[in-house]
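Database features (TrEMBL):
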type    : residues                              : note
BINDING : Asp66, His151, Tyr155, Ser225, Ser226 : FMN binding site
DOMAIN  : 42-393                                : domain 'Luciferase-like'
Amino acid sequence: MTSTGDDRVARGEQLVLATLIGGVGNHAGAWRRPNSRVEEKYDLRLFTDLVGRAEAAKLHAVFLADGLRLETDTLRSQPFAGLEPVTLLSALAAVTSRIGLIGSISTTFSEPYTVARQLASLDHISNGRAGWNLVTSAWGEENYGRSLPPHDERYERGAEFAEVLFALFDSWAADAITVDRATGVYADPAKVRAIDHVGKHFDVRGPLNVARPPQGRPVVAQAGSSEIGQDVAARFADVVFTTGRTTDEDSRRFYRSLKDRVAATGRDPGSVKILPGVSPIIGRTETEAKAVERELNGFIDLVSGRAKLSRQLAGVDLDDLELDEPVPLERLPQESQVQGRRSRFGVYRALVEDGWTLRRLIHWEVASAGHHVPVGSSEQIAELLLRRFEAGAADGFVLLPSYVPEGFTLLTDEVVPILQERGAFQTEYAHETLRGNLGIGPVA
């Protein structure tokens with residue numbers, strides 16, 4: 001069962017918290033702060049420091065996003081995506097022991113057998129802490145020699161991709177490896193089987209050539225919030241990353257809708273953790289936080305910001321628009337017509353419908369990437385997270401600190417302890433695997 005009312009903490013429920021570690025912060029101007037470690041964006045030591053601090057705070061997982069092309073129109077004014085997730089997570093597995101390691105991998109521009117090998121290997125290397133963020137990709141096709149499939153077709157492929165991965169992980173029985181030195185039997189071939197998958201998008205014989213992962217299968221996360229994206233999440237996801245909606249009621253409405261979809265598939269709604277993104281600007285006081293916000297917004301490059309916003313608005317031309325005039329709604333397609341990031345487009349289209357100016361939209365995109373950006377003291381941020389949890393609007397959050405390292409440190413060293421003192425967050429890891437720590441149990 002899943003709870004959607006007040007007093008969740010009183011009933012013994014606790015938040016699930018993950019954090020995105022991109023190196024410099026979620027705000028596009030954060031790298032320009034004097035203490036940012038932007039020069040170390042490709043240095044393993046930066047990520048080792050961040051994941052070490054996250055694990056010391058007992059966060060459930062770190063999350064790595066990914067991109068499949070270089071956005072040259074914003075390169076002048078902001079760092080780009082960076083290191084490939086599976087490679088980096090494999091390195092971080094060696095310097096951590098309990099925190100989950102979740103990376104994004106595209107189902108549109110990858111093959112399931114290769115990804116199954118990568119994830120099973122990461123799960124073994126980390127002793128059961130691997131996770132996969134299933135993404136369908138809205139761009140990057142020019143680097144893979146193919147056109148971008150339509151939106152719904154990408155999700156159909158993503159669903160079949162997950163089916164193949166699950167079958168490959170299950171192609172080894174849990175007791176297939178016997179290691180009997182006396183008889184010379186290493187493994188029982190009868191307990192390793194082909195999957196013989198023949199589908200619309202994939203033909204995969206199997207079995208996997210990496211033994212069954214310690215978790216049975218790595219944790220599956222999914223971030224799409226379109227109608228078909230929610231359907232895929234309801235069928236396959238253990239964790240759902242979603243855009244951090246601004247109001248409690250919007251968050252609660254999405255939460256209830258997705259839990260209902262999970263139940264409709266026959267799964268336990270409580271086994272799927274819904275984690276909205278929140279990108280706080282934290283200060284030791286509210287005054288300090290607002291000063292940091294002003295500083296960050298002073299770094300905004302309106303030229304690259306306009307280019308970023310255009311991508312979120314399905315590529316519409318914004319070059320002729322005045323900054324302090326509303327974006328004309330008639331320029332935008334309907335959400336159902338968008339073949340890129342449909343649900344994210346819907347968030348921005350709603351803001352255009354509300355009459356937001358081009359400047360305000362650019363500032364919001366650069367500061368938030370579509371997520372909720374609360375500004376306040378550590379106490380205020382902790383209160384907001386707890387309120388939304390108690391309101392039945394989330395099972396936890398993906399925390400995207402707006403600036404690093406100071407904002408990250410305030411998150412782990414001040415916000416998290418406040419939540420722990422109130423009994424809303426774990427003070428120790430209860431299990432060795434990510435599945436165990438998320439409370440979603442092993443795969444049979």
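Don't overthink the numbers, they just go from 1 along the chain as shown.
The backbone N, Cα and C atoms fix where each Cβ goes, glycine too.
Remember, TrEMBL labels are computer predictions, not curated facts.
Locations of recorded TrEMBL features on the structure.
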residue	record	CB count, 10 Å
Asp66	FMN binding site	18
His151	FMN binding site	22
Tyr155	FMN binding site	25
Ser225	FMN binding site	22
Ser226	FMN binding site	21
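Largest CA to CA distance in the FMN binding set (Asp66, His151, Tyr155, Ser225, Ser226): 20 Å, whole number.
DSSP classifies His151 (FMN binding site) as helix under the three-state reduction. The secondary structure of Ser226 (FMN binding site), as reduced to three states from DSSP, is coil rather than helix or strand.
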